[in-house]
Amino acid sequence: MDQVYSVAMAYILTLIISPLYSYLIGSLNASIILSLLLKKQDIRHFASKNAGMTNMTRVYGKKLGILTLFLDIVKPIITISLTYIIYKYALNAPFVLSNGFNQAILVYFGGIFTIIGHCYPIFFKFQGGKGVASYGGFLITIDPIVAVIGIITLLIILLITKYMSLSAMITATITCFLVLIPGINYIPYYNEHFVEYLFDLNHVIKGTWYVWLFLLISASILIYRHKTNILSIATKQERKTFLFQPKPKNNI
């Protein structure tokens, strides 16, 4: 009976409670909060009017841009880790149910709502960022190996195209499918022991489809939020981002 209760509470936690607090934490948009607190301005009124790292860097410089990036990345890491801690230590729920389903994979479900909160924050009239950094944080918790590949991929595409928006969309799409590849799809909170992961690929494949779906939804949100950027790229009006050289004056 205790196990049935734990399993039921685990479903309530991962499918109802976690999405709620994940959305609220996601709604704490770092760029808006930092610009209001430190500059007495709303970043959404300047340059691209986007509440994200790229625009913060463009308007206020690299230091605030990097701080924004860090804070937006850690949001899904915090929400998913919190869910995992409650699931494992407070509820003491079994990881693998009698039907063979590893319920622990559902701790990642709330990450989607962290990204939704970042893009549509309830605290800021539902006008937030585009979810790139938060997607990155989500990916780190799901698959750190693919996350590293994603960072390298994004930088390479950015160096070639000079478009951060395009780089983010392509990287999100690629990494979404990379988690399906055995050998690099190590999911920490699902496969707690790396050695066991390597020797149980059938178990890995079962859980991978869930996180793939979670990432696919998240990547779709990210791409949708970039719809104006897609139009700007098509009309050659998109602002360029230069990593290792000064930005041309005509690109300000």
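The backbone N, Cα and C atoms fix where each Cβ goes, glycine too.
The feature transmembrane segment is assigned by Swiss-Prot to 6-26 (among others), with sequence analysis given as support.
Counting residues 6+ beyond its ends, the transmembrane segment (66-86) has Cβ neighbours under 8 Å at 13-14, 18, 21-22, 25-26, 28-31, 34, 52-53, 56-57, 104, 107-108, 110-111, 114-115, 118, 129, 133-134, 136-138, 140-141, 189 in the same chain. Here Swiss-Prot flags 66-86 (among others) as transmembrane segment.
Residues or ranges marked as transmembrane segment in Swiss-Prot (evidence: sequence analysis): 104-124 (among others).
Annotation source Swiss-Prot lists transmembrane segment at 140-160 (among others), citing sequence analysis. When Cβ-Cβ distances below 8 Å are used as the criterion, the transmembrane segment (140-160) is approached by residues 73, 76-77, 80-81, 108, 111, 166-168, 170-171, 174-175, 178-179, 184-189, 211, 214-215, 241, 243 of the same chain, each at least six residues removed from its ends.
Annotation comment: Swiss-Prot describes 164-184 (among others) as transmembrane segment.
Positions annotated as transmembrane segment by Swiss-Prot, on the basis of sequence analysis: 204-224 (among others). Listed by sequence, the residues of this chain that lie at least six past the ends of the transmembrane segment (204-224) yet keep a Cβ under 8 A from its Cβ atoms are 100, 102, 105-106, 108-109, 111-112, 115-116, 119, 130-132, 135, 138-139, 142-143, 168-169, 172-173, 175-177, 179-180, 182, 185, 187, 190-191, 197.
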